[in-house]
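For reference, Swiss-Prot has these:
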- Cys403: heme binding site (BINDING)
- 500-504, 578-610: FMN binding site (BINDING)
- 494-634: domain 'Flavodoxin-like' (DOMAIN)
- 671-900: domain 'FAD-binding FR-type' (DOMAIN)
- 465-488: region 'Disordered' (REGION)
Amino acid sequence: MTSTIPTPPSIPFLGHVASIEREVPLRSFRLLSEQYGEIYELNILGRKLLVVSSAKLMSDVSDDKNFYKNMSGPLLQVRNAVGDGLFTAYGEEPNWGIAHRLLMPAFGTASIRDMFPDMLDLASQLVLKWERFGPKHRIDPAEDFTRLTLDTIALCAMSYRLNSFYRDSSHPFVQSMVDFLVECNLRANRPGLLTSVMVQTNAKYEEDIKTMTELADEIIAERRRNPTDKKDLLNIMLYSKDPKTGQSLSDVNIRNNLLTFLIAGHEPTSGLLTFALYYLIKNPEAMRKAHEEVDEVLGDQQIQLTDIGKLKYIDAILRETMRLSPTAPMRTVRPFEDITIGDGKYFVPKDYTVVINTIVAQRDPTVWGEDSNEFHPERMLDGKFEALPPNAWQPFGFGMRACIGRPFAWQEAIIALAVLLQKFDFVLDDPSYELELKQSLTIKPAHFYVHALPREGKPQLLATPSAAPFSSHARETTNASLPASPGTEAKQPMYVLYGSNTGTSESFAQRIANGAAARGFRATLGTLDSVADHLPTDGPIVIVCASFEGEPADNAAHFVERLTSLQDKPLQNLRFAVFGCGHHDWFRTYQRIPKLIDQTLEDRGAQRLVPRGEGDAGSSEFFEAFEAWETKLWEVLPEEYNTVVKQDITSGLKVETVGEGATRAVDLRQHDAALGTVIENRVLTAPGAPQKRHIEFELPEGVTSRAGDYLAILPSNPPQDVHRVLARFGMLPEQQIVISSSGPSSLPTGRQISAFDLLSGYVELSQPATARDVRTLLNVESSDATKESLKALLESYSDAVLGRRLSILDLLEQYPDIKLLFAAYLALLPSMRTRQYSISSSPLWNAQRVTLTVSVLEAPALSGRKEPFLGVASTYLANLRPGDKVQMAVRASNAAFHLPQDPRTPLVLFAAGSGLAPMRGFLQERALQKKAGREVGRAVLFFGCRSPDEDYLYSDSDLKEWEELGVVELRPAFSRALEKSEGCKYVQDRVWHDRRALDGLYEAGAKWFVCGSGKVARGVKEVLTAMIKESRGYSDEEAAAAFERATVGRFATDIFE
């Protein structure tokens, strides 16, 4: 008996049109697959179809005996230009058989090998272009690969040179083709009646077809005017006869097929190369192996035809790229007769449209493993590719209607990738870039830009002093390498580099860069990845970085991989200093990356300027540790480099007031931030309880998320604090000022900005004053009594300043006779940083929206002020109203802190307070999957809060519904209502009480997630260790070791303070 095929809720007459994203429909199909599983049914304006998304079902419908290629949707619209060309012809059309038989030999092995010189010629033109533009040039790989592949198909198949690399802009054919394919996609999902009245759109559509057709006609006319004996594809179409029927192709069909090859012969290959470059840059180990293979096979010699077969790893890179991102991500078939698929589980009627969701099916964990979403070319090597189940890898389609030009595209791609890797290293223009898609008939990366750095002395990490190691984007986003103010002398270069996910290391790096000018240095600020391939040697390198569960920050991964791959001592001309940030709760990996960088630099010949510094974010002396290290650094650097130190703390920063004004600047200072919109903001807790809020946002266009990811928010300071500063310095909120700086600065330099906007959005006002800040105030003119008080504060800094969280502003208000200038005050303040909050929703609920579950910090001021202390970001969020715009960015959490791909995997969740956020997202996803008919694994949630009446978040809504649905078992711990939680006060108490309920979950493959404070995480670890000790009869040491072994890859934490 067959099973019912699930279908999403629909709208009368429209069906599921509203469920499909307009710009990138593929994202919607992927999310529907995650929710409904391997098969689901859609109704698009009355056109019904089945979507299959598993390797098994993809294989079942890849059967020429029982299924035929379906010409519908966007592909049907493409026929408006290419008619019965090979790609779009119906199987029963005579011209398809004639063209297929005629042209198959043209793509045989011998013919493709003969095209090698022309392919190399054009790949060399691309290399030459990137060499001449140099490493500072921002490259759009998709655009240049389109030039390459279009020119290649035209030259190799038609002996026609388009000379795209000698044009300032793309060939007119390209833009017309792109617009045409986009409109084909839109027409497929638009009512025909609506299309018929879109006069301007239709006129543009016809004009695009005309532009493409004119090029095809010109190529044919050129060949007829100048015949050749070359047996290229064009000559075969013009002069050959079908061996079976004796017929020739008609002039119309020749044009149709010429257009087909111009479109299909270049668009997928340019996408393949663009995706491959993206995956290599994002996976430094794969990039290193690719360079090693190219160096071993090619050396410094030009690639030869015989080299192609030796480039096994390059071949694996392309295969893995096409697995993860097949440029034709979906195809459709129909059965000749009624049939069942999935071992008889699903019934498919005759001629019913079946959409093969290739991009999802090729990530099926049953074939590719739990890491199927990750890029690992090794899975295509050593016989693994050949051992795959039938039809598991199908980026070129299947059977008789598979891509005829696959051998052509593959040879072209191997040549191009090999010669580019032989010549260049590549870095992202925006180090934080994550893959975005643009979709027409095919897909490509969107907004993807890189820099090509010439490889010298392979493997090379050093650059000459004159080299420009930083990408232009890095300079934009960090204000690095700002020119000195007029009249300032040239200074000794220094390079301040950071690896930071949360912004702390970046903030410390910015502080060092801010202080450089006063010490005679011209600082350049950038990410570690921005110098991954070329470290400058004409000045000191100062590194501030962190570890994230033992791994480098996102903008330092490439640097770490490149550094650790060096051999011998190539860094003897380099001088460096390293400060590491970390948190002692991650004791196994504490300071791992800072230690690794520091030691490896020394091992490879670099000279350490000062001992590595350590800052523990879990310690009350975190900022003091950095300050002590920074003080030592500034003692050493001027002496080592013979620079002049100025005593004026305002050196390098000037503030000019320019009169009143009303214009407020909007400055997106986080490179990946864009504007989202507040949809809802409501309180979750009872009156009198510490406030927690549920906030819903509309994401910026094109931004996607996963359950477990973070939403980074760029906040503003509480208005009460801003007004305190204005009052202290006697300024009006509307006062317009202009800032100039002789060094890199995160402040808005060189333009007018109001004092209120500056203080609201660019600096941190409430961070505790550092000991250095207090010493600075001590050196400013004030009364003797004030100086004595400041000295006393310094002597007991930890208790008197840090313990009371006294900010610079608090001190200035407490001692009003300190004559500190406003510019000097700004120079002391750290730059505003983003705050990351765990997303508390799943994209299966709404792909365009996310929710946050936030604790609002409002507590008595430890400084003694009457007004309460307000958390900067939480106060900002609490005061948002629907419709407000917010600067935000989705940032991936640790790879382990995501749901397992198989929804049947059990979950054990531990959370307290707003730490429930990611768990809510996980459970929401599981609930939606279960409602869609999928089998989901058991989930147990241990949640800590005060009481069921005060702050048991979502207990009367989502959690109640999901418990009733059978998605989750709720096991709360109420710290102020123990009688309502089995006498358990904290999460770990409830875990111990209910420990028998967890029997068998580990053996069933459960994943364990913790989100909350360090105290919560430690408590959970201790109780789980105690459970191991009890069940196994282990000693404390044995139980602790067993916990460490058992949790590898199965236990993920997200700790916040």
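Glycine is treated like the rest: Cβ placed from N, Cα and C.
The structure, with features from Swiss-Prot marked on it.
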{"residue": "Cys403", "record": "heme binding site", "Cβ neighbours (10 Å)": "19"}
{"residue": "Ser500", "record": "FMN binding site", "Cβ neighbours (10 Å)": "23"}
{"residue": "Val578", "record": "FMN binding site", "Cβ neighbours (10 Å)": "27"}
{"residue": "His583", "record": "FMN binding site", "Cβ neighbours (10 Å)": "21"}
{"residue": "Arg588", "record": "FMN binding site", "Cβ neighbours (10 Å)": "8"}
{"residue": "Ile593", "record": "FMN binding site", "Cβ neighbours (10 Å)": "25"}
{"residue": "Asp598", "record": "FMN binding site", "Cβ neighbours (10 Å)": "23"}
{"residue": "Asp603", "record": "FMN binding site", "Cβ neighbours (10 Å)": "14"}
{"residue": "Arg608", "record": "FMN binding site", "Cβ neighbours (10 Å)": "14"}
Per DSSP, what is the residue count of the domain 'Flavodoxin-like' (494-634) in each of helix, strand and coil?
51 helix, 38 strand, 52 coil
Indicate whether Cys403 (heme binding site) is helix, strand or coil by DSSP.
coil
Given Asp603 (FMN binding site) and Cys403 (heme binding site), what distance in Å do their CA atoms have, once rounded to a whole number?
51
What whole-number Å value do you get for the CA-CA distance of Val578 (FMN binding site) and Cys403 (heme binding site)?
53
Taking the Cα atoms as reference points, how far is Arg608 (FMN binding site) from the residue listed as 'heme binding site' in Å?
57
Give me the CA-CA distance between Arg588 (FMN binding site) and Cys403 (heme binding site), in Å, as a whole number.
50
Would you report the average pLDDT that the model assigns to the domain 'FAD-binding FR-type' (671-900)?
92
Do you know offhand how many angstrom separate Cys403 (heme binding site) and Ser500 (FMN binding site) by C-alpha?
44
